[in-house]
Amino acid sequence: MYSGAGPVLASPAPTTSPIPGYAFKPPPRPDFGTTGRTIKLQANFFEMDIPKIDIYHYELDIKPEKCPRRVNREIVEHMVQHFKTQIFGDRKPVFDGRKNLYTAMPLPIGRDKVELEVTLPGEGKDRIFKVSIKWVSCVSLQALHDALSGRLPSVPFETIQALDVVMRHLPSMRYTPVGRSFFTASEGCSNPLGGGREVWFGFHQSVRPSLWKMMLNIDVSATAFYKAQPVIEFVCEVLDFKSIEEQQKPLTDSQRVKFTKEIKGLKVEITHCGQMKRKYRVCNVTRRPASHQTFPLQQESGQTVECTVAQYFKDRHKLVLRYPHLPCLQVGQEQKHTYLPLEVCNIVAGQRCIKKLTDNQTSTMIRATARSAPDRQEEISKLMRSASFNTDPYVREFGIMVKDEMTDVTGRVLQPPSILYGGRNKAIATPVQGVWDMRNKQFHTGIEIKVWAIACFAPQRQCTEVHLKSFTEQLRKISRDAGMPIQGQPCFCKYAQGADSVEPMFRHLKNTYAGLQLVVVILPGKTPVYAEVKRVGDTVLGMATQCVQMKNVQRTTPQTLSNLCLKINVKLGGVNNILLPQGRPPVFQQPVIFLGADVTHPPAGDGKKPSIAAVVGSMDAHPNRYCATVRVQQHRQEIIQDLAAMVRELLIQFYKSTRFKPTRIIFYRDGVSEGQFQQVLHHELLAIREACIKLEKDYQPGITFIVVQKRHHTRLFCTDKNERVGKSGNIPAGTTVDTKITHPTEFDFYLCSHAGIQGTSRPSHYHVLWDDNRFSSDELQILTYQLCHTYVRCTRSVSIPAPAYYAHLVAFRARYHLVDKEHDSAEGSHTSGQSNGRDHQALAKAVQVHQDTLRTMYFA
């Protein structure tokens, strides 16, 4: 199958079954890649010069506990000032906001625990805290130098942690920290998103080990915060009132529910007690307005009477409410019955929005934050100048210096694969900048469509029969050109309304038209009908469906019709194109299965919904066709619980499709952060092995386990302006980096496989956690790049390998399968039917696709 020069793959190394509790060690980097033309780049990594000293680590215990980090930082700052003469002297300790304190010189307390009392001046009365300090360990920076130069097998985690705390200490006092980033409200100009939210800009900062050097990774970042404003204005934004004056009546139930959803969990501060701006967290919104909402009020006589909130404010605060018809906020603990009228509350500044943004907010956010690569590069350089780490007294205390120029890196631009089409001329496409087209080409294997139907859920007056007829003709023409002939008119073409009519209509179609291959469904914008079409088609009846937006029917373009054909052909079992067999790497010499895996979690703040795990596996030698498996699992659980059973299903399916047993398994795992590498590898590698052994006692294919990461802050820029590509001035598709900014000893690389269209391209980061197949760097990089060209939905190279992308689509589709018509809004992926507490079994059943759908690429 493989002809052409290139190394022959080493046979898989024997895989020993490890002792329980044994930590798998990621393989060392085998070599550095050499193929491709070289390209000079700059990365947003800044070299750190670190002295070979010891740092002293102390543990703090602050009582009362559970203070926010911001308060803890104030306590420590007061403590260092107050006990300067007795303990701290001129030392500048750094603190992580929880319990870790580091100093450059030891404190004069020996190994004993020291108890101190610290007073914080408060708005009302002073607050007193008890702080204990205890020596933990000496952190050796010499050990770090040894690890970076390869003399030590692994980078000591505690040294990275200590350096991180040093570098973050000052920014944490100045800005609002969120994860590894720092934010501030934009001075002078606000960037509203609507719904009481706005964009805050800031920067990401993290300390990263790399070859020979520690690096500081700096990037610009942006996130959504709640606007500091009166709650009355917040209500108007959330419920789309021009002003509160137009709302003279109490809120309706649906308005109250919408408002509650937005404000629950937020902090508000009161405005009716002068300087005493007490803060509270909102736990609910009352059903009754302030004029009717009562609470038990204890009188001076000791008697308790029911009093309305409006009356209480009038008697106690001499405040006649302007909006007594609006509800109150219930704050603090639910059982305490503390109610505040909306008009005496403001939203506290600096609260990050963790709830999912609406589609409109997301697109506003992208418009506000997308920067061309050269602009982003300039912004990062500006950031470095203003951060001036070399004058930061805490950084200097530890003898650290940071270079203020970006790191120069040499990358390589890999050759794209040739793409083979079918038809008479068997045309070959050569991607240019990650893109090719289908003009004068036909699908490798096109499906002939004889029996098909149209169901139009758009109103007839907007999407007329003339529109449908014209759309049908255009679609048939384009499909014929693409080698997927749609024969004759649809056997059925009717209008329908609402999600409830989907199932009866589809049942009628299935029972009436033998051999029905496809239902084309026309939708009027965003609608609950989509989720229902997919639920019924994929899971209930096993019918292939293709949804089309009404606007694309009213105005057809060859491009949208061609894209539809790409999806339809694959759903019906066709093959759009394949990698040119002669150009594939040696791994294809023996039967190999490519697996892609991903876990998607429900949006933050949604505690009831399950996480969804999806694994897909290739089913042919190209590899082009894939099969999917999907499971629901515990909320926010990152490890794929049922992986062994899922992989077993896919291996059986592969054997049925090809009559071969794979000798190699290449597993691309998406959605794992660095902190979880060890855990995920240990559990999931064992699960894959278990799947093999359960099929056959001695079946031990070589496994390569690669984590794919897109959520990182590495950005690469062309040094030479002439190398920049497109309007956004990005790096070319195929740019690969495996030196200087990568791991000092482990096998990882960056690959930007797609052409950046908007904003700055984000290269994907690949980290090999296990490799029985002993890939060379070149071979794994080329294989990965080629797999990015096999994604069926478009004629472009995508940013991650097709199997990983498909796993993401499968999990995303399962969210729609979980939409529960009775209880969920149809906000697409914000929904998964758990709102009414359906049990795990019901959820598991809901995501299982129909027998007839199982072997198809229904998710395409």
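Note: Cβ is positioned from N, Cα and C throughout, glycine not excepted.
Annotated features in Swiss-Prot:
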type: MOD_RES; residues: TYR2; note: 3'-nitrotyrosine
type: DOMAIN; residues: 230-349; note: domain 'PAZ'
type: REGION; residues: 312-317; note: region 'Interaction with guide RNA'
type: MOD_RES; residues: SER388; note: phosphoserine
type: REGION; residues: 525-567; note: region 'Interaction with guide RNA'
type: REGION; residues: 588-591; note: region 'Interaction with GW182 family members'
type: REGION; residues: 651-661; note: region 'Interaction with GW182 family members'
type: MOD_RES; residues: PRO701; note: 4-hydroxyproline
type: REGION; residues: 754-762; note: region 'Interaction with guide RNA'
type: REGION; residues: 791-813; note: region 'Interaction with guide RNA'
type: MOD_RES; residues: SER825; note: phosphoserine
type: MOD_RES; residues: SER829; note: phosphoserine
type: MOD_RES; residues: SER832; note: phosphoserine
type: MOD_RES; residues: SER835; note: phosphoserine
SER388 (phosphoserine) and PRO701 (4-hydroxyproline), distance between Cα atoms, whole Å: 52
Remote residues contacting the region 'Interaction with guide RNA' (525-567) - C-beta distance under 8 A, at least 6 residues beyond either end: 359, 438, 457-458, 462-463, 467-468, 470-471, 474-475, 478-479, 482, 484, 498-499, 502-503, 506-507, 509-510, 516-519, 576, 792-795, 813, 816-817, 819, 821, 826, 828, 831, 846-853, 856, 858, 860
For SER388 (phosphoserine): intrachain residues, at least 6 apart, with Cβ closer than 8 Å: none
Three-class DSSP secondary structure - SER388 (phosphoserine): coil
Beyond the flanks of the region 'Interaction with guide RNA' (754-762) by at least 6 residues, Cβ under 8 Å: 366, 369-373, 376, 433-435, 710, 712, 714-716, 725-726, 728, 730-733, 788, 796-799
Residues in the region 'Interaction with guide RNA' (312-317) grouped by DSSP into helix, strand and remaining coil: 6 helix, 0 strand, 0 coil
Number of other Cβ atoms within 10 Å of the Cβ of the residue listed as '4-hydroxyproline' across all protein chains: 21
In three-state DSSP terms, the structure that the residue listed as '4-hydroxyproline' belongs to: coil
